[in-house]
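Read through the structure below, which is laid out as structure tokens, and then see the notes.
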Amino acid sequence: MVSWRRFCWHYHGWTLGCYMLLAIIALKLSLRLKCDFDVMDLDSKEFQSQYCRDLLYKTLELPAKSSINCSGVIRGEQKAVTQALLNNLELKRKRQSFTEADYLSMTADCEHFKTQRKFIQVPLSKEEANFPIAYSMVIHEKIENFERLLRAVYTPQNIYCVHVDQKSSETFQQAVRAIVSCFPNVFIANKLVSVVYASWSRVQADLNCMEDLLQSPVPWEYLLNTCGTDFPIKTNAEMVKALKLLNGQNSMESEVPPPHKTFRWKYHYEVADTLYRTSKEKTPPPNNITMFTGNAYMVASRDFIEHVLSNSKARQLIEWVKDTYSPDEHLWATLQRASWMPGSDPLHPKFDLSDMRSIARLTKWQDHEGDIENGAPYTSCSGIHQRAICVYGSGDLHWILQNHHLLANKFDPKVDDNVLQCLEEYLRHKAIYGTEL
């Protein structure tokens with residue numbers, strides 16, 4: 001400081017400028033000291049400063065893997081979307097995903113792993129800290145997909161149960177265990193099952209996590225269930241606000257079944273290597289319950305989950321649907337219309353809720369794609385289709401972010417990593433600044 005004073009005194013014409021410079025330096029240092037990232041509330045006075053937010057964003061900013069214009073892609077600018085799609089075609093074959101061995105190596109030092117991979121390690125607001133969310137995450141392959149999904153939804157106040165398919169490779173299971181071991185609020189389900197597509201085992205995986213999550217000391221109020229091809233399209237803060245607005249109600253697809261879907265519970269199904277239908281007809285549903293259809297995904301209150309596991313009528317329905325086709329697509333939808341389930345909706349068709357009106361999951365179905373001006377609910381998929389569902393491409397991101405859902409399905413970095421990269425960048429920026437890119 002003495003040398004600065006002598007310098008300023010010697011060049012007295014610069015005195016005012018020198019002291020202004022010193023004041024700016026002192027202010028920046030004081031701001032740095034006030035940016036307490038260990039006890040953080042983005043709504044607090046100190047984090048209203050651009051400096052603190054910039055510093056936090058720089059710490060948590062995800063490394064860009066390509067030079068695409070994510071802001072343009074998010075706004076739906078055709079030039080940016082075209083460049084992103086072309087860039088994806090160029091890099092798709094060259095891109096190397098992280099392997100199980102990579103994660104086993106990275107997680108040898110958990111603190112370094114969490115810092116290097118930019119996990120958010122403190123609640124970003126008091127509102128979020130006081131409203132933890134429970135996750136049931138059912139996965140079976142693609143370790144990088146799982147880690148990126150976990151990173152996108154992770155906050156230290158939430159609680160995460162991971163169900164790993166029992167028939168997944170041993171190296172995959174080891175890598176999942178290694179990742180999970182780095183977080184005190186992430187755990188593997190106590191009971192694992194071998195999941196067969198469209199069979200009861202898919203529901204059982206979620207039920208196993210539900211049981212474990214209810215045993216957790218974390219006072220969560222809502223549960224979201226995910227699979228390995230899901231990704232959030234809202235920040236944790238936005239999710240908390242949406243869940244509070246539900247005020248104890250659930251949100252999941254539940255509609256009167258079309259005639260072609262009723263066969264799913266009219267016949268007995270059995271599992272060999274796959275699920276197959278027998279000629280044996282089933283008895284009617286128990287308690288004269290009315291059947292509804294929906295999908296596997298839910299936004300469900302804690303009370304609803306507790307009743308799923310303990311209510312006698314719910315347990316009878318669970319037993320009855322075990323030998324049906326794709327029971328996850330009618331069990332939750334039917335329970336959501338049962339008057340004895342908390343947060344449910346009445347039976348009347350006016351209370352039907354489509355997947356587009358529910359907030360649980362945003363999906364583009366191939367047979368509904370088309371020209372919006374001619375009545376289609378959404379435009380064509382810019383990625384590819386898998387089992388008649390769009391695996392999103394960069395051209396879908398603008399549309400995705402216009403919707404109110406909490407998560408979307410399906411994403412796959414091997415199909416289009418740019419759409420995921422831009423979505424990750426969007427979510428991280430919005431989590432810190434509260435604004436879009």
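For all residues, glycine too, the Cβ spot is worked out from N, Cα and C.
Predicted-model confidence for the topological domain 'Cytoplasmic' (1-6) is 53, expressed as mean pLDDT. Here Swiss-Prot flags 1-6 as topological domain 'Cytoplasmic', drawing on sequence analysis.
If you look up Swiss-Prot, you'll see 7-27 marked as transmembrane segment.
What Swiss-Prot lists as topological domain 'Lumenal' is 28-437.
The DSSP secondary structure for Cys70 (disulfide bond) is helix. According to Swiss-Prot, the feature disulfide bond maps to Cys70-Cys227 (among others).
Counting every protein chain shown, 19 other Cβ atoms lie within 10 Å of the Cβ of Cys381 (disulfide bond). Sequence annotations record features per position, and here Swiss-Prot assigns disulfide bond to Cys161-Cys381 (among others) based on similarity to another entry.
Proximity of Cys209 (disulfide bond) to non-local residues of its own chain (separation of 6 or more, Cβ distance below 8 Å) is seen for Ser136, Met137, Val138, Cys161, Val162, His163, Ala189, Asn225, given in sequence order. The disulfide bond feature in Swiss-Prot is assigned to Cys182-Cys209 (among others); the stated evidence is similarity to another entry.
The feature N-linked glycosylation site is assigned by Swiss-Prot to Asn288, with sequence analysis given as support. The 10 Å shell around the Cβ of Asn288 (N-linked glycosylation site) contains 6 further Cβ atoms across the protein chains shown.
Using a 10 Å Cβ-Cβ cutoff, Cys390 (disulfide bond) registers 25 neighbours. Feature annotation from Swiss-Prot assigns disulfide bond to Cys390-Cys422 (among others).
For the pair Asn288 (N-linked glycosylation site) and Cys182 (disulfide bond), the C-alpha distance works out to 48 angstrom. Mapped onto three states, the DSSP output places Cys422 (disulfide bond) in helix.
Cβ neighbour density within 10 Å is lowest for Cys182 among the disulfide-bonded residues Cys70, Cys161, Cys182.
The two recorded residues, Cys381 (disulfide bond) and Cys70 (disulfide bond), have Cα atoms 19 Å apart. On its own chain, Cys422 (disulfide bond) has Ile68, Cys70, Val73, Ile74, Ala84, Ser394, Leu397 as residues at least 6 apart in sequence with a Cβ closer than 8 Å to its own Cβ. In the three-state DSSP scheme, Cys390 (disulfide bond) is classed as strand. Taken residue by residue with DSSP, Cys227 (disulfide bond) is part of a strand.
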